[in-house]
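Before any comments, here is the structure.
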Amino acid sequence: MCRLPAPAVQMGALQPGRLTGRIRPQLSKEKIEGCHICTLVTPGEPQVLLGKDKAFTYDFVFDLDTWQEQVYSTCVSRLVEGCFEGYNATVLAYGQTGAGKTYTMGTGFDVAMAEEEQGIIPRAIAHLFGGIAERKRRAREQGVAGPEFKVSAQFLELYNEEILDLFDSARDPDARHRRSNIKIHEDANGGIYTTGVTSRLVSSQEELIQCLKQGALSRTTASTQMNVQSSRSHAIFTIHVCQMRLCTRPDLVNEAVTGLPDGTAPSGEYETLTAKFHFVDLAGSERLKRTGATGERAKEGISINCGLLALGNVISALGDQSKKVVHVPYRDSKLTRLLQDSLGGNSQTIMIACVSPSDRDFMETLNTLKYANRARNIKNKVVVNQDTTSQQISALRAEIARLQMELMEYKAGKRVIGEDGAEGYSDLFRENTMLQKENGALRLRVKAMQEAIDAINSRVTQLMSQEANLLLAKAGDGSEAIGALIQNYIREIEDLRTKLLESEAMNESLRRSLSRASTRGPYSLGASPVVPTGSMEDAAEVIRRAKQDLERLKKKEVRQRRKR
């Protein structure tokens, strides 16, 4: 069936984990046996209700009818894009037996499977090679050297605490109980790597899919009462991406400091980025009473639960907010040792916890959701994986940019070297900084004073208008028109008076500047500053027009009185 479920937990760079919930549809067997659905997704909210009173809130929740494409585009797509920038990523599928982990990851191949039912790994492979082709095409269009990619894959199986290589064609499938020669090591930077593992170099999407199919067919499976084809081991499919691309050259502050002859173009610099993407299909947690396992199957189930218990202890230690846990038990299991980078190191990690909606699996579903919820508080510090040469080039490029900026500051007089050889800022720069601060403060004062002046002018105009109206109260019927006319003229006169005061202050400032300039020496002063006289002429014109209007109104008032 399609549209399988899974709450997922993501641990990003210095960010708390994000949870995504997804619930698979009921199987035909569950419907025939009369099992009821005990899960409910709150409409419009990323919340899963289990039973009547147990609620789990995640960042995303996918209900029974969610397709594989939606899960991939929401949770995994951006992790594949991050691999092109040198970031590690991990996707883990966790849940009880028969919850659909293998189907969700895409490691269980079926000849009759439709394209829309493909799991996460086939979609990620298509996305990866599509991104490689797109970046090469974009480089050709821009006329620059395209990036070079090397993609390799590894496929490991952890069966009864022994690491097996699923790509090893010489391995005897019946010799699973023999001790493996694969070793786990830790490098100087805390990264985990394995020795004795077959790594296949691939050049196309089809070739990598074929490798995935070959390894999946070699994986250990068996039938139990809960799942006809149950995975009896943890599987880790890893894709290594090595990219060598042209560095983006920063704009130089001064081209003269490059030391290149005129007309010579700077040579391109390359950087090497590496990334690894783990796809982890964990074996299903199970209770022996439910699975009915005996003998070899029971031993496998015990080993699986021990590994998942160790994984849960590591998650609890990493997500402990009280900071009381100082030791993280990575070495308690080979599974946690292999996933040390993914859980608490340099990796963006998503845990997909698959659950069943049937009421007979109520306790298993509850434990799965609690298990995944503990990873919410985990924080990983993710950094770009660059080779040593690329890191040195980046550091030197940043140092060159800093030195160029300092050189420009020396040329501009911002920096000086004292008599004792100590570096510092010049007095001119310090004085300029102080003057800029003072200028900013004065601008604020001028703005405030201008607002005060406007308010005072408005008040003065109102008072003078009231006084004029009182004096002309006995003028007769034309008192209102005369009062309004006088108020307008008073307002205009006050504005002109303010402009006149500003002009006088400007003239005084120009006189002082002229006086200081004349004392500095016989330099060419250019044209003499012109004292603005427009404000004075405007004031005289306003007064003349005011007198004419007053005479006209007086004559009109006299004529009206004679008619009476």
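Each Cβ is built from the backbone N, Cα and C atoms, and glycine gets one as well.
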Message: Between the candidate ranges 50-77, 386-413, 442-469, where does TrEMBL place the coiled coil annotation?
response: 386-413
Message: Is it possible to get the count of other C-beta atoms within 10 angstroms of the C-beta of T97 (ATP binding site)?
response: 25
- prompt: Fewest other CB within 10 angstroms, which one of the binding-site residues G95, G98?
  reply: G98
Query: Near the Cβ of A99 (ATP binding site), how many other Cβ atoms are there if near means within 10 Å?
result: 29
- prompt: So for T102 (ATP binding site), how many other CB atoms are inside 10 Å of its CB?
  reply: 27
